[in-house]
Amino acid sequence: MDKGALVVQVMDDSSNGGVGAAAAGGSFSSLRAYGRALAQTPRRLARRACAATSPGEEMSRVRARSGARMARRLRWHDLVGLGLGGMVGAGVFVTTGRATRLYAGPGVVVSYAIAGLCALLSAFCYTEFAVDMPVAGGAFSYLRVTFGELAAFLTGANLIMEYVFSNAAVARSFTAYLGTAVGVDAPSKWRIAVPGLPKGFNEVDLIAVGVILLISVCICYSTKESSVVNMVLTAVHVAFILFIIVMGFWRGDTRNLTRPVDLAHNPGGFFPHGAAGVFNGAAMVYLSYIGYDAVSTMAEEVERPSRDIPVGVSGSVVLVTLLYCLMAASMSMLLPYDAIDTEAPFSGAFKGSSGWGWVSNVIGAGASLGILTSLMVAMLGQARYLCVIGRSGVMPAWLAKVHPCTATPVNASAFLGVFTAALALFTELDVLLNLVSIGTLFVFYMVANAVVYRRYVAADDDDADHRRAWPTLVFLAAFSLVALCFTLLWQFAPAGRARTGLLAACGAAAVATVGAFRALVAEARRPELWGVPAMPWVPAASVFLNVFLLGSLDRPSYVRFGFFTAAAVLVYVLYSVHASYDAEEGGGAGAGAAALDGAKVQDEAADFKLRSPNGHCSLTVKHYLGRQKFRSHLRLLQTFSHHLTCTEDKILGAMQWSGLHFQSSKQ
């Protein structure tokens, strides 16, 4: 064999048709094949549910399933603009008034500062993953390399649900704010009533559909150009916000910061409802910071991830926190907290001033721009999430395709754009927004846990002693339980010294748990480029705060979340686990790659190519084995790979020695 290559197809005879059937046609090639796949569901669940990939695989063979690569054209200022555009939407104009009137009073400024700190802690967790593993999958990919496929699938399902529902709801609100900007108070004037349909489904909003489809076309065309459009719209939007802030300070009165209108029935002071009001206000306004997670999905398109992602994500959170605090302060100066309109706080404040009613039109214009930017960033993020979910094999592979001309995930963008537009056409989604909130907080909670697990358990090292996982898992479970106890006491225990003492005990237990874990368990790995500081204190604080915020949501939200999670698990059991099994273990396009010391490994879609150090001979292995089993066989060949010769007999002899069954053919 002169400088040739021997193709060796490795077979696995341990599964009685499981792998072989998958290799031959897949679990969905016919009803009979699907029936056989369902019969093997328990075994496949056992193999796939906790199967984790490595960052190297996510960045190489998994990414190769998209075909063309996404273009790396974004820099730190693009990410800051995307973060600002994604977070500063129209919701802040309403949320600020509700938090001020119902909970925090003028102390809502501190509520926003606390919520901003919480968002920054979560942003640190996202940043460590995004720098170390710059792929488009965001939280889905982060969970897949730590807790495995099922946790990643549930996370991805919540992410897609969050984006689709919230984008549809936000697009419909665009019609209302645009009407305010041009002086049309009733948004129903721009919607078409459909007789016979139930309330909440009987008003067709063509403007919302048009906005979604237009943004979908834009993000399909180019990510860089979409970033430029977002930058322009965000700059104008921020200018509107700064104008409102200046007007608020100019027209405001500092006495409104401490004096309510009805002093007989409402407490005065900067913190009228004390610390409890401030923290409850922080729980309400925290959702105004949602959007920075979408920036992490752009990691695959960033020129210098190690520099640009930390600046882009953290910088945008800090700037948004500053803007929110200034907005809250200016509104608190305009009116006493008990006179603020919870539905339209800024517009209501200016309408009450003679000659200043036109400012409400400015607010409507600013909110409309905020909706456009938040929609664009969210739709960029959701398309990349779905693209990587398609790459993983748990969803159809065509969703993963990246167009070679535009370097964007066109299929995922178009699919989600059409689906979101269909929802926005008929449906009022206000009742589902708390479901979006619980799904978002669940994802943030999972990412914070994942960054601790990855630091203390070398999840991307196959030789790691997996007994190291148990101390970390016990810590994460115990700490979450302490956080849950604190939250339940905060929400339901009657006020008094007993409640205060129990809350203090829970806080002390949380600190002691983190301190003991830090002292007893050493880190298994340290990030080479950027890592969360003060490990594990920062992600532990993020876990605690996300559990606390989850406790502030109502019971119907948890019921809906339970039904949604059950539906997601059903989809995984009936479809995704079998599709993933075909892709990862059945010899499909997802067959993996492994790096061996002493042998040069070329990552291809479905094979491994081992070259001898002298370059005289190569061995290409096409496999139909599970990833872990295949790697163990390749390690047996490691000594052989150092001494490859040009003799076919020796190659085949080594394969037989390793215990593999094979078919060979000369190339």
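Even glycines carry a Cβ here, placed using N, Cα and C.
Nobody curates TrEMBL annotations by hand; they come from automatic prediction.
As written in TrEMBL, here are the features:
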{"type": "DOMAIN", "residues": "530-580", "note": "domain 'Cationic amino acid transporter C-terminal'"}
{"type": "TRANSMEM", "residues": "79-97", "note": "transmembrane segment"}
{"type": "TRANSMEM", "residues": "109-129", "note": "transmembrane segment"}
{"type": "TRANSMEM", "residues": "204-221", "note": "transmembrane segment"}
{"type": "TRANSMEM", "residues": "228-250", "note": "transmembrane segment"}
{"type": "TRANSMEM", "residues": "270-290", "note": "transmembrane segment"}
{"type": "TRANSMEM", "residues": "311-335", "note": "transmembrane segment"}
{"type": "TRANSMEM", "residues": "355-381", "note": "transmembrane segment"}
{"type": "TRANSMEM", "residues": "432-452", "note": "transmembrane segment"}
{"type": "TRANSMEM", "residues": "473-492", "note": "transmembrane segment"}
{"type": "TRANSMEM", "residues": "498-517", "note": "transmembrane segment"}
{"type": "TRANSMEM", "residues": "529-551", "note": "transmembrane segment"}
{"type": "TRANSMEM", "residues": "557-575", "note": "transmembrane segment"}
Any contact, the transmembrane segment (270-290) to the transmembrane segment (228-250), with at least 3 Cβ pairs under 8 A: no
Leading contact stretch, 109-129, 355-381, 432-452, 529-551 vs the transmembrane segment (204-221) - CB distance under 8 Å: 355-381
Outside the transmembrane segment (355-381), six or more residues from its ends: residues with CB under 8 Å to it: 82-90, 92-93, 138, 163, 166-167, 170-171, 173-174, 177-183, 211-212, 215-216, 218-219, 223, 226, 229-230, 233-234, 236-237, 240-241, 243-244, 247, 251, 291, 293-295, 297-298, 344, 346-347, 413, 416-417, 420
Non-local residues, at least 6 beyond the ends, that sit with Cβ under 8 Å of the transmembrane segment (311-335): 76-80, 82-84, 86-88, 92, 96-97, 100, 105-106, 108-109, 111-113, 115-117, 119-120, 123-124, 126-127, 130, 238, 241, 244-249, 251-254, 256-257, 285, 288-289, 292, 295-296, 302, 345-346, 348-350, 352
Intrachain neighbours beyond the transmembrane segment (432-452), with Cβ under 8 angstroms and 6 or more residues off its ends: 121-122, 125-126, 128-129, 139, 142-143, 146-147, 151, 155, 158-159, 161-162, 165-166, 169, 287, 290, 293, 472, 475-476, 480, 532, 535-536, 539-540, 542-543, 546-547, 549-550, 553-554, 556-558, 560-561, 564
Confidence summary for the domain 'Cationic amino acid transporter C-terminal' (530-580), mean pLDDT rounded: 90
